[in-house]
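Take a look at the structure set out below.
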Amino acid sequence: MNSLLKYLLILLGLISVIINIVLICLNSNRLPKCMSQQRQESLQVTHSDKSLVFADLTAEEYKSVRDYMWAEEELKISHSLTAKTSENFLFLIDLLLPRKADVLRYLDSSGPKPAREASVVVFYGEHGYLKEYVVGPLSGRLQHRDVTQEKYNTSQLPFTARTVTIGEYVQLFTLLNQVFKKLEKPLSESFGYIPQKRQLLPFEGMPRGIKAGDRKTWISFFRDYSGMYIHPVGFEMLINHESSNSSKWTVDRLLYNGQYFNTINEFMSKYEAGGLKKIVYKEIPNHASLKPRKKPSGLGPQQYYLKGKRFSVKNNQVIYLDWSFAFGLSSLTGMRVFDVRFKGERIAYELSVQEAMSVYGSVTPGMILTKFLDSSIGIGRFAHELVRGVDCPYAATYVDTYRYIDTNVAQRFRNSICVFEHDIGRPLRRHFSDFFHNGYGGMANSALVFRTITAIGNYDYIWDFIFYQSGSVEARVHATGYISSSFTDDGNLQYGHQVAKNVLGNIHTHFINFKVDLDIVGVKNIFQTKDMVYKEVPLPWMPSEKAKIPQLVEKQIKTEQEAAMRHGAKTPRYLHIASNQTNRWGHHRSYRLQVVSFAGDHLPESESTERSMSWARYKVAITKHKDAEQTSSSLYSQNYMWSPFVDFSKYIEDNETIVNEDLVAWVTAGFLHIPHAEDIPNTVTVGNGGGVILRPHNYFNEDPSINSPDGVYFGPGSESDCQYNKMACLEKDQCSSTLEPFTYHGFEGVMKFE
C-alpha cells in the first residue's frame with residue numbers, strides 16, 4: 001500500500017510538472033520577453049568608424065599624453081593629484097578637434113584621416129604663468145608644440161587666470177583650519193562649530209576680485225548639512241591667495257552678521273568686548289534634505305521597447321531611424337554632437353553647449369559680485385553617473401565617458417550619457433475628420449533623446465539633444481539642484497525672497513550659449529529673416545473698401561554685425577540658415593532657428609567684467625566659420641574676466657560677409673530666476689529652462705514624417721484593421737520587459753581633497 005501511494009504521488013508530480021511546462025510555453029508565446037539587447041530592423045543606415053574622428057580620447061590616449069608630458073624633464077611637471085600652487089601641474093588633457101575642412105574631406109571625399117591630437121593645459125606654479133600645448137599624433141611618436149601665442153596672441157597666460165585646482169583647495173582649507181582655531185569660541189557660540197565633528201562648509205564667490213590679476217576670494221560659510229547651499233550662517237571671509245606661495249596668503253576681511261572687520265584680531269576683540277551684534281546658535285531641522293518625507297508607496301509609469309530598440313549606439317555614433325550623428329563630451333563645454341544627418345544629408349556639422357552663466361544680486365560680498373561662468377570650472381567635468389529610472393528611463397542605453405581634468409589619472413564616469421527613444425506624450429500630428437470624408441490620421445511623437453546631466457556646485461543642468469521624426473532637432477537645458485542663498489540682512493529683500501529662517505534666495509539670471517554649425521545642402525549658406533506686417537489693401541471685388549491683412553516680409557542679411565540679434569531689440573521671428581538650392585516649389589531650402597527663452601537682462605556693457613561673457617548680448621549671432629573661433633568662451637574667462645582671452649564680440653567686430661559662406665549660429669537662451677518658497681528644498685525643472693529648435697523650413701517638399709512607420713490611419717468600419725493602425729493589434733506585441741538590475745557607481749568620481 002505504501003508503494004502504491006508512493007508511485008501515485010510520483011505520477012501526480014509528473015503530471016503537475018507537465019501541466020506547468022505546457023502553461024509556461026503557452027504563456028511565453030502570448031507574453032514573450034523583450035530583451036533590451038534586441039533591436040528592430042528599422043535602422044536606415046549602418047554604423048561607420050569615420051565617426052571616431054570626433055571621439056573623445058580613450059583612457060589609453062589620456063595615459064600616453066600624460067606620461068609623455070611627465071617625461072619631458074624640462075617641463076618639471078608634478079605627478080601629485082594635490083600639487084601645490086608653487087608646483088607645475090598638468091591640469092587638462094582633451095581632444096583637439098581637427099580643422100573642419102580636413103574632416104569634411106575625410107567624411108565626404110575619401111580624403112586622408114585627420115591626425116588625432118590632444119589639447120593640453122599646464123599651470124606653471126614654479127614660473128607663475130600658464131601655457132597650452134598640442135600633443136600628437138596620438139597614433140604615432142608623440143611630440144608637443146606650444147600654441148599659447150597663436151591662440152591668445154601672448155606667449156604666456158597670467159597665473160591668476162587659472163581655475164582653482166584640488167591642490168589649491170587643499171591649501172585653502174589648511175589656511176581656513178588655522179583661522180578657525182583662532183575663531184573657535186565665536187564660531188562655536190554663533191554657529192555650533194565643533195572641530196572635526198560639526199563643520200562650517202565653504203562656498204566661493206566668483207570672480208575672485210575686482211580687477212585683472214586679483215585672486216581674492218570671498219568665501220561664505222554654511223551649516224554642515226546635506227544641501228548646505230540653503231543653510232547660510234551669516235559669516236564670510238575674504239582670502240587673498242594671489243601668490244603661488246601659500247605661506248603668503250592672508251585673510252583680508254571678515255563679515256559677521258552684516259558687520260565688517262579688517263582683521264581677525266579686530267573681530268575677536270570686539271566679539272569678546274560685546275561690541276557687536278551677535279548670532280546665537282540654535283539647532284534647526286534640515287529643510288534642504290532630499291530624503292523623501294514619506295516612504296515610496298508606488299511606481300510611476302515605466303517605458304520599455306515592445307519589439308526592441310529602434311536605435312543603435314556603437315563607439316561614439318548613434319543611429320535612429322533616419323537620423324545619425326557622432327557625439328562627444330568635452331570636459332570644459334560639455335555635450336556635443338557632430339555630423340548630424342537626416343535621410344543621409346548632413347543638417348549640422350556641430351551642435352554643442354558652449355557656456356552656462358549666472359549673474360547674482362545681493363548685499364553680501366560672497367554674492368554681490370558673483371558671476372559664474374561654468375566652462376571655466378568644467379561643464380562636462382561634472383557629468384556623473386545617471387540614475388536609472390530617475391535621470392533617464394530605466395531601459396535607456398547608457399554610455400561611459402573618460403576625462404582628464406584636475407587629476408593625475410584619466411577618470412572613468414560610468415553611465416554618464418544616456419540615449420533613449422521617448423514618446424513625448426502628445427501627437428506629432430493628427431486630424432479627425434468630422435465633415436465629409438470621415439476618418440482619423442495621426443502619429444505618435446516618438447523622438448530620440450541624447451542626454452547628460454552636470455552638477456556644478458549647487459546647480460544641476462539637464463542637457464538634452466532631441467531628434468524628431470519630422471526632421472527637427474532641439475537643444476534644450478533644464479535647471480534643478482539648489483538655489484544659492486545668503487543670510488538675511490538689512491536691505492537684502494531688494495535682491496530676492498526669504499525662503500526659510502534667515503535664508504534669502506538671491507535673484508539671478510541663467511544664460512546658456514549653444515553653437516549651431518548648420519550645413520544646409522553644403523557649406524555655402526545664407527542668412528534669411530522672415531516676419532509679418534499688416535498691409536492695408538483694397539478688396540479686389542470692392543475697391544472702395546480696404547482691409548489690413550498680414551503680409552510676409554523676407555530679408556537676406558549680408559554681414560556679421562547686421563546678423564547679431566541683441567536681447568531686448570526687436571528681432572524678426574523667423575531666422576533661417578538657407579541654401580541657394582530650392583525645393584520643388586521654388587523656395588530656399590533652409591532650417592529655422594527657433595529660440596525658446598525667458599532670459600533676464602544681460603549685464604550692461606559698461607560693467608568691467610562684461611566682455612568675458614559678451615556672447616550673452618545676443619539672442620542669435622551669425623558668424624563666418626573659422627577654426628580659430630571654436631568656442632564662445634574659454635577656460636580663463638571666470639578668473640580673468642576683466643581682460644578676457646576670448647571675447648566673443650571680437651568675432652563680430654570684423655563684420656565679415658555672410659553671403660554664400662560657411663555659417664555658424666551662436667544661440668543664447670535662458671531664464672530669470674527669482675527664488676521663491678517652492679525652491680525649498682530643491683528647484684524643480686518645470687518652467688526652468690530654454691533652448692533652440694532647429695526646424696526644417698522648405699527644406700523638404702513635404703513633412704518627412706509622412707513616411708514614418710509610426711503613422712496611423714483608419715476610417716469608419718476599419719477601426720480594427722491592423723494594416724495602417726498598429727494600435728489595433730497592440731495586444732499581439734505585448735511582452736514582459738527584461739530589465740537590468742539597478743546599479744550605481746557615481747560616487748567613485750567625486751572630488752576628494754586629500
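Quick reminder: no glycine exception, Cβ is built from N, Cα and C everywhere.
The feature transmembrane segment is assigned by TrEMBL to 7-29. Residues or ranges marked as domain 'Copper amine oxidase N2-terminal' in TrEMBL: 63-135. Per TrEMBL, domain 'Copper amine oxidase N3-terminal' is recorded for 162-258. Taken from TrEMBL, the feature domain 'Copper amine oxidase catalytic' applies to 303-706. The active site, proton acceptor feature in TrEMBL is assigned to Asp374. According to TrEMBL, the feature active site, schiff-base intermediate with substrate maps to Tyr459. Among the features that TrEMBL reports, 2',4',5'-topaquinone is placed at Tyr459.
Counting Cβ atoms from all protein chains shown, the residue listed as 'active site, proton acceptor' has 26 others lying within 10 Å of its own Cβ. Taken as a whole, the domain 'Copper amine oxidase N2-terminal' (63-135) shows an average pLDDT of 97 in this prediction. A gap of 10 Å separates the Cα atoms of the residue listed as 'active site, proton acceptor' and Tyr459 (active site, schiff-base intermediate with substrate). Within the same chain, residues at least six positions away from Tyr459 (active site, schiff-base intermediate with substrate) with a Cβ under 8 Å of its Cβ are Ser358, Ala479, Thr480, Gly481, Tyr482. Taking DSSP states H, G and I as helix and E and B as strand, the domain 'Copper amine oxidase N2-terminal' (63-135) has 21 helix, 25 strand, 27 coil. For the domain 'Copper amine oxidase N3-terminal' (162-258), residue counts in helix, strand and coil come to 31 helix, 31 strand, 35 coil, using DSSP.
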